[in-house]
Amino acid sequence: MVLDTGSELSWLHCRKSPGLNSVFNPLASKSYAKVPCFSPACRTRTRDLSIPVSCDPAKLCHVAVSYADATSIEGNLAYETFRVGSMTRPATLFGCMDSGFSSNSEEDAKSTGLMGMNRGSLSFINQLGYTKFSYCISSLGSSGVLLLGGGAASFSWLKPLKYTPMVKINDPLPYYDRVAYTVQLEGIKVNSKILPVPKTVFQPDHTGAGQTMVDSGTQFTFLLGPAYTALRTEFLAQTRRVLRVLNDPNYVFQGAMDLCYLIDSTRTVPPPGLPSVTLMFRGAEFSVSGEKLLYRVPGSLRGRDSVWCFTFGNSELLGIEAFVIGHHHQQNVWMEYDLAGSRIGIAEVKCDDAGRQLGLHD
């Protein structure tokens with residue numbers, strides 16, 4: 001299941017479809033309940049969803065969600081009992097989805113659904129009533145950690161967390177997501193060089209454009225045009241002797257990543273000597289280095305070389321007026337969301353080691 005701090009509605013695949021390895025069968029559940037489209041749950045609890053709900057032919061609450069990568073899915077809002085550890089939460093609202101479109105069907109076929117964890121009223125964390133949660137995304141795939149409730153302060157094996165406050169704007173603004181986890185990005189540096197980007201670029205304007213969202217459901221990190229251009233220019237300058245640029249103006253990976261390189265196809269990791277990129281938040285810094293800087297594009301070859309792309313993209317090419325910190329750069333970082341304290345804590349850690357320390361796997 002995908003853990004998504006940028007989404008509100010949790011959902012499961014509810015009908016067998018080609019390529020889906022695991023689906024939820026509502027007919028086999030005694031606690032599953034349909035939500036009529038005229039019910040308060042359908043009319044009022046869904047107010048923060050980006051796509052308005054509708055009434056299907058059976059007069060059930062029909063929901064649809066879409067994502068920045070053009071993936072979309074739809075189905076019915078329903079109630080079900082969820083068990084988390086020793087806790088049982090009946091009548092939890094979720095989406096029972098049975099149709100949609102995927103921009104990455106190979107990856108989506110591995111998932112049974114999505115856990116929506118943003119600040120909206122329908123999010124899984126809010127419905128369960130927790131005021132704190134943490135996760136650690138492993139670079140190894142399936143050995144990550146999700147901790148609901150509690151804090152990481154008692155973990156002797158974890159470095160002290162550095163906290164950055166969440167930013168809240170309560171006024172309804174056209175380009176501002178009020179239920180996202182928003183923090184204040186104040187600058188970016190490549191190695192020790194701070195990029196010459198005006199502070200105003202990182203501040204949301206009167207329309208809400210320019211917020212910085214921490215989104216575990218987005219794969220890579222996207223920056224607004226002025227910040228991205230400055231980062232691209234400096235990264236190119238500092239890697240000109242280490243990397244070979246793919247000079248193809250028509251090649252843009254995932255529609256927003258236009259800085260790509262040619263690396264010998266026998267390599268499984270980027271070459272050494274790459275500069276680190278540090279995102280400077282209010283009260284905390286977030287460093288991206290080594291393997292997290294470049295992504296090998298599956299199946300993309302140019303002669304004997306593989307195509308690797310810089311893992312920062314231009315959000316404006318996606319039509320997004322925001323900075324988005326994606327899960328690729330959150331790998332091997334302990335992320336704590338303190339909702340009561342309105343802050344996010346960050347500490348570098350090997351997530352597979354964290355899982356072993358917590359007894360989640362060998």
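Using N, Cα and C of the backbone, Cβ positions are placed for all residues, glycine too.
These features come from TrEMBL:
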- 1-347: domain 'Peptidase A1' (DOMAIN)
- Asp4: active site (ACT_SITE)
- Asp215: active site (ACT_SITE)
Cβ neighbour count within 10 Å of Asp215 (active site): 26
Reduced DSSP assignment, Asp215 (active site): coil
